[in-house]
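Copied over from Swiss-Prot:
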- Asp254: active site, proton donor (ACT_SITE)
- His277: active site (ACT_SITE)
- Cys256-Cys273: disulfide bond (DISULFID)
- Cys403-Cys409: disulfide bond (DISULFID)
- Asn136: N-linked glycosylation site (CARBOHYD)
- Asn172: N-linked glycosylation site (CARBOHYD)
- Asn208: N-linked glycosylation site (CARBOHYD)
- Asn262: N-linked glycosylation site (CARBOHYD)
- Asn274: N-linked glycosylation site (CARBOHYD)
- Asn301: N-linked glycosylation site (CARBOHYD)
- Asn306: N-linked glycosylation site (CARBOHYD)
- Asn340: N-linked glycosylation site (CARBOHYD)
- Asn365: N-linked glycosylation site (CARBOHYD)
- Asn416: N-linked glycosylation site (CARBOHYD)
- Asn421: N-linked glycosylation site (CARBOHYD)
- 240-261: repeat 'PbH1 1' (REPEAT)
- 263-283: repeat 'PbH1 2' (REPEAT)
- 294-315: repeat 'PbH1 3' (REPEAT)
- 1-24: signal peptide (SIGNAL)
Amino acid sequence: MGFKRTIGLLLGILLALDQVSVLAQPGRPTFAKRPDIQPNPIQPYKAIPLHSRRNSHKVCYVKPSLNGGDDAGRVEAALRRCNNGGTIVLDKEYSICTPLDLRFLKHVDVALTGKVEFCPELEFWQQNVFQFHFQNASSWWVWGGEDIHLYGAGTGVIHGNGQPWWDAAAGNSSVRRPLLFITDGWHGGSITGLKLRQSPNWHNFIANSSDLLISDMDIFSRSSSEAWASNLDGWDTFRSDNVVIQNSVINHDDDCVSFKPNSTNIIVQGLHCNGSHGISVGSLGNYPYQYDIVSDLYIYNNTMANTTTAARLKVWPGAEAVKKGNPPWVGGGGKGYVRNVTYDLMINDNNDLAIQIDQCYGAINASECLDHPSGVILTNVLFKNMWGTSNGANDPVAGQLICGSADSCDNIRAENVTLTNSSGQPSEWQCRYMDEELLDLGGVGCIPA
């Protein structure tokens with residue numbers, strides 16, 4: 001970080017201390033109280049710990065800087081001042097132009113009912129973001145701590161100014177686009193009622209976190225130029241346990257939710273995903289010598305519209321190789337397992353495929369996977385109560401359930417699954433290494449893949 005920016009951040013923190021009110025000021029408008037939102041109807045695998053009481057007199061209002069200057073220092077100072085039992089109110093418009101490490105939070109509420117916008121300074125951010133080793137993820141701020149409740153009450157906005165990032169990446173694949181929101185070690189609490197707009201990359205990366213409720217979110221990112229707004233996952237979970245994601249609307253590209261390695265005990269319910277790649281397990285097995293685990297997922301009552309695949313499991317083959325893409329990917333060779341995953345009550349609306357099991361993810365041709373079957377074993381996976389329509393992209397094929405070998409999949413079941421093709425032809429399901437007696441698929445049923 002440059003000298004001028006460092007000085008600016010320190011000055012911002014000092015100025016912010018003057019702007020923070022620990023006791024509510026007379027005449028101050030009443031801020032939105034934290035909503036009482038509970039997991040519903042499916043309950044979490046483990047009870048989410050109760051929060052501690054907040055001090056109603058420990059309230060920090062953040063006054064934005066003049067002329068759209070950097071508010072990072074003011075925001076951090078307020079969070080430090082009213083940490084441990086207080087509430088921070090962000091009810092105005094704020095610009096964040098320098099990185100924020102917020103992994104110190106404890107027993108705190110953050111009422112973000114205004115707007116936080118990240119400065120579109122591409123060159124600066126590429127040199128000054130927080131880096132994660134997993135898939136080159138990075139972000140301009142990182143949240144973490146214990147018993148944190150971040151809420152927007154339906155009005156709060158986090159805006160990533162994604163358009164210049166998408167435009168730049170269209171002509172230069174080396175541009176590293178930051179993720180809009182990252183948790184790293186967030187244990188206990190909730191994220192609710194926020195509008196996430198124009199993320200340069202994934203919208204949310206839930207990493208190394210636990211006992212977290214995410215609800216009533218509104219995600220929208222679309223490009224206004226010829227540059228494609230790609231890789232805009234709604235949520236990616238990684239090394240996280242006991243998370244509920246529910247009752248949200250997502251309009252974007254790529255996975256609506258993606259369960260990355262070591263995602264366990266997760267509920268996803270009541271989502272409406274439009275234009276996505278589905279609710280996906282994986283991709284897994286893309287790093288050699290690593291053991292990926294995904295287990296105990298319940299995915300309930302979600303509507304998938306205009307997606308490539310509604311329910312998707314994607315794992316790499318068993319040997320590392322250069323894969324398709326520009327620039328080419330390198331992946332595969334990892335091991336692990338996927339266990340106890342249920343997709344229940346999923347409505348398909350104009351989708352390419354309803355179900356896709358792909359143990360040859362990223363490969364150039366299928367023979368590569370037959371020679372090197374995936375080391376990620378899929379067991380106890382259930383698809384049930386799925387119906388709706390396809391868009392004809394693969395007509396009459398409605399789904400693909402393809403395993404790499406007879407040993408890499410076990411107890412894959414389908415119950416009451418049907419899809420209506422746009423042509424009116426009976427649905428066909430491409431299957432390989434499946435116990436077809438366990439598959440209640442509508443239409444023709446399984447055909448050879």
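Backbone N, Cα and C atoms are what each Cβ position is placed from, and that goes for glycine too.
Feature map: annotations from Swiss-Prot on the structure.
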residue : record                      : DSSP (3 states)
Asn136  : N-linked glycosylation site : helix
Asn172  : N-linked glycosylation site : coil
Asp254  : active site, proton donor   : coil
Asn274  : N-linked glycosylation site : strand
Asn301  : N-linked glycosylation site : strand
Asn306  : N-linked glycosylation site : coil
Cys403  : disulfide bond              : coil
Cys409  : disulfide bond              : strand
Asn421  : N-linked glycosylation site : coil
Average pLDDT across the repeat 'PbH1 1' (240-261), rounded to a whole number:
98
Nearest-integer angstrom distance between the alpha carbons (Cα) of Cys403 (disulfide bond) and Asn274 (N-linked glycosylation site):
27
Reduced to three states, what secondary structure does DSSP give Asn208 (N-linked glycosylation site)?
coil
Given Asn172 (N-linked glycosylation site) and Asn301 (N-linked glycosylation site), what distance in Å do their CA atoms have, once rounded to a whole number?
39
Highest CB neighbour count within 10 A among the glycosylation sites Asn262, Asn301, Asn340, Asn365, Asn416?
Asn262
Starting from Asn208 (N-linked glycosylation site), work out which of the recorded positions listed here (Asn262, Asn340, Asn365, Cys409) have their Cα within 10 Å, and give them in sequence order.
Asn262
Within 10 Å of the Cβ of Asn136 (N-linked glycosylation site), how many other Cβ atoms can you find? Include all protein chains, please.
10
Where's the emptiest Cβ shell within 10 Å among the glycosylation sites Asn172, Asn208?
Asn172
